[in-house]
Amino acid sequence: MSEENQQWPQFLAATTSGILAVGAGLHFGWPSPSIPKLLEKDLKFEVNSEEISYVVMIAPFGYLLSGPFSVFIVDRIGRKSSLLLIAIPQILAWLLIAYADGVAILYIARIVAGAAEGALFTVLPMYACEISEPKVRGSLGSIFTVGLILGILLINCYGSFIPIATTAFISISIPLLFLVTFVWMPESPYFFLMKENVEDAKRSLQALRRIQNVETELTILTSDVQRQISESGTLKEVFTIYTNRKAFLILVGVRTLQQFSGYSAFSFYTQVIFKNVKDHLSPAAYSIIYNASHLIFVCLGLFCVEKFGRRPLLIWSTAGSGLCLFVTAFYFYFLCNNYNMYSFSWIPIVAMVSYTILFDIGLGIVPNLLTGEIFSASVKAKALGILIIYCALATSASSKLFQFLEESFGMHVPFFVFAFCCVSGTLFCYYYVPETKGQSLEEIQRNLKN
């Protein structure tokens, strides 16, 4: 069989699983086109700016529910079955939004959506990395990011021009599409080997590689998984075993950097940000341009991550993102101080599109990829469960920080804060983040130990 024939089933399985990430992106980006509509009473009940800030920031608290739950199920029922279950709260959240008769229902809907997203953060990178060969793992492990950004773009495209309830009903189609397609995909061979089910692992590899003779790869994977699960895999071992602790701290660092580079806050408040730009384009148009550039360049990042490696992309991405944020911050600083900036109204959109380019090729892809790569199989689910709770706090903190600083001091202040975070994050990536390009999951564990 040709090499292409051996790889396309892996791309099919990863892409199909990525439909669920599109669904998560719809929920994640929903506040951007919906905040103006909520202020205009699109749902026929009043919502003030403080309540809207909680509608935005409360979703990540759903991670607190799904983090422990995903840890419990992913190693018991498998990666595939866990992903199928995650589609249910995505559908439920849209139904709650469609029929909401008060802000409390919106809070519940956002928590339910956040719970689905949090579980997805844990399970999808794990599934994508475990079904992939090392030479394509960088591309397939980034499917989550591509799906998420595609969902954010779609919700800004149609959600900006139709009522909130209609948006919700249209959005339900994405998790439904996932259910009817992904059900035919194979389970991760790693999961079968963790359960000592060698025959099913073999069949999974044969389906994913489209070749019958998988004995060599199966033997290597069996040895790797047996060594990794020889550790008891307790929650305590996430912190007491050196390689696990090192992997956990690296991911805490890059996830902190990802959130406090402003990504989540910008996704939530895109139209609010561009409402401050003095130009003839509408905030919705700016938002669509911004998110379309996100999608284009995160797809470019899929190829860059295998060609240039994870670590160099992360370093240059962080440094470049910080520079773009400084430029945007100075624009809003002069605007807030009553300078006539009409002739320079192109600066924020150019700077923010440049930010998306630089963010997407590194910060947008690498943290999600590392999530599925650098933990031992024995503690992966538990470590990611803890990490997703931390991500919930970081996402909520960054979005609330943006809202507080913007309302208290002006739009320029949160941009300056996020820019300085990128400067410090560049140093962290340079000194602490390892390269994982072209390495098997077992090789990554050995290199972490050294």
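Note: Cβ is positioned from N, Cα and C throughout, glycine not excepted.
Predicted, not measured: the structure shown is a model, and the values here were computed from it.
As recorded in TrEMBL:
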DOMAIN    11-437  domain 'Major facilitator superfamily (MFS) profile'
TRANSMEM  12-32  transmembrane segment
TRANSMEM  52-74  transmembrane segment
TRANSMEM  81-99  transmembrane segment
TRANSMEM  105-124  transmembrane segment
TRANSMEM  136-155  transmembrane segment
TRANSMEM  161-185  transmembrane segment
TRANSMEM  247-268  transmembrane segment
TRANSMEM  288-306  transmembrane segment
TRANSMEM  313-334  transmembrane segment
TRANSMEM  346-371  transmembrane segment
TRANSMEM  383-405  transmembrane segment
TRANSMEM  411-433  transmembrane segment
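Outside the transmembrane segment (313-334), and at least 6 residues removed from its termini, the chain residues within Cβ reach (under 8 Å) are 254, 257, 261-262, 276, 301, 304-305, 341, 344, 347-348, 351-352, 354-355, 358-366, 410-413, 415-416, 418-423, 425-426, 429-430, 433.
Contacts between the transmembrane segment (346-371) and the transmembrane segment (136-155): present, as 3 or more C-beta pairs lie under 8 angstroms, all at sequence separation of six or more. Below 8 A, the CB atoms of the transmembrane segment (383-405) and the transmembrane segment (247-268) form 3+ pairs separated by six or more positions in the chain.
Scored on C-beta pairs under 8 angstroms, the neighbour of the transmembrane segment (105-124) with the top count among 52-74, 136-155, 161-185, 247-268, 288-306 is 52-74.
Within the same chain, the transmembrane segment (161-185) stays apart from the transmembrane segment (52-74): fewer than three Cβ pairs sit under 8 Å, each pair at least 6 residues apart. The largest share of C-beta pairs under 8 angstroms with the transmembrane segment (288-306) comes from 136-155, of the ranges 52-74, 81-99, 136-155, 247-268.
Note on the transmembrane segment (136-155): residues 7, 10-11, 14-15, 17-30, 32-33, 120-121, 124-125, 128-129, 167, 171, 174, 267, 288, 291-292, 294-295, 298-299, 301-303, 305-306, 310, 360, 364-365, 368-369, 372-373, 437 of its chain, located 6 or more positions outside it, place their CB under 8 angstroms from a CB of the stretch. Proximity of distant same-chain residues to the transmembrane segment (411-433), defined by a Cβ-Cβ separation under 8 Å and at least 6 residues beyond the stretch ends, is recorded for 249-250, 253-254, 256-257, 260-262, 265, 273, 276, 310-311, 314-315, 318-319, 321-323, 325-326, 328-333, 335-336, 370, 401-402, 405.
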